[in-house]
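Participant: Before anything else, here's the structure in question.
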């Protein structure tokens, strides 16, 4: 993500009313644009606040209250990335709101611009890895269950966090977001690297998700649909609808900016709002999937709903297994490797 992209779109100075020359005549911002920006900022603040609360609940249960497995480790790290992204956007939108509504011009610390880059790249990478793992478990089930290293999930997440942080810091330093050390050549270089990273993971996410869906619904040996597959499918779908536009916008920003003569009237805030919705929706998906066809007469705690959303056992098998019903954290399918 380029330094220009963040500074021009997120600094409070970018929202000052300006007059721009367009085809030889003067063009001034309309009240419609200002009203739209105010609405988008308020909605982004509200969604970010709600999303932080929901992701905090997921972090609490998965990090402390629940037994973790290969898949829940990824969900835990995805919730961390979403929480971090929403926190940074909440602070940035709040500072912009102070200027828009109260004309209080607060300079946003440049270091804060690095956090959305880091969090977005981490979330994208982790979600792509989730899709890849489930695809591998379908294509090579025996290898996945018997030969997969035990701590693959934790190690993979650690590597993705480190790589995303390193890329965010290097780009932030080169583009003047850290230490006020702008270098045009290295800024453009890291912009290209970041864009390549994003495009590769976009492609991997789409390809592995499509392969997974084809094997589930169209394969010669259809795979039983479990809550886990529903959770993954909905999470990927929500990202493609709400999260992907943010990545596409930053990749194409170098070209898009040439057509936006009036910065205040572009669509950045709408895209920012959609990205906040994406990070907010994941916990909602978990709880909704966990509550589907919940026929037992028992209290539906959030912990139980979250456990059921991660269930990798078909419903008919679960209903016939009383022991599994009493301990939903152990519902992950276990097969012999002999």
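Backbone N, Cα and C atoms are what each Cβ position is placed from, and that goes for glycine too.
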Participant: Candidates are 18, 321; I want to know which one Swiss-Prot annotates as N-linked glycosylation site.
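Facilitator: Annotated as N-linked glycosylation site in Swiss-Prot: 18.
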Participant: Membrane side check (same topological domain name in Swiss-Prot): residue 137 and residue 308?
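Facilitator: In Swiss-Prot, residue 137 shares its side of the membrane with residue 308.
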Participant: State the residue range annotated as transmembrane segment by Swiss-Prot; the candidates are 90-110, 300-320.
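Facilitator: So the range that Swiss-Prot calls transmembrane segment is 90-110.
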Participant: Go through the chain and flag residues at least 6 beyond the ends of the transmembrane segment (269-289) whose CB is under 8 A from any CB in it; none is fine as an answer.
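Facilitator: Here the qualifying positions are 36-37, 40-41, 43-44, 47-48, 50-51, 54-55, 57-58, 75, 78-79, 82-83, 85-86, 89, 93, 120, 123, 227, 230-231, 234-235, 238-239, 241-243, 245-246, 249, 302, 305-306, 308-310.
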Participant: Residue counts in helix (H, G, I), strand (E, B) and coil for the topological domain 'Cytoplasmic' (62-89), per DSSP?
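Facilitator: The composition, in the requested order, is 24 helix, 0 strand, 4 coil.
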Participant: Can you tell me which of 41-61, 90-110, 158-178 gets the most C-beta pairs within less than 8 Å of the transmembrane segment (192-212)?
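Facilitator: When the Cβ pairs under 8 Å are tallied, 158-178 comes out ahead.
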Participant: Using a Cβ-Cβ cut-off of under 8 Å, list the residues of the same chain that are 6+ residues beyond the ends of the topological domain 'Cytoplasmic' (62-89) and lie near it.
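Facilitator: Hits for the topological domain 'Cytoplasmic' (62-89): 44, 48, 51-52, 55-56, 112, 115-116, 118-120, 122-123, 126-127, 129-130, 133, 148, 152-154, 157, 160-161, 228, 272, 275-276, 279-280, 282-283, 286, 303, 306-307, 310, 312, 329-330, 332.
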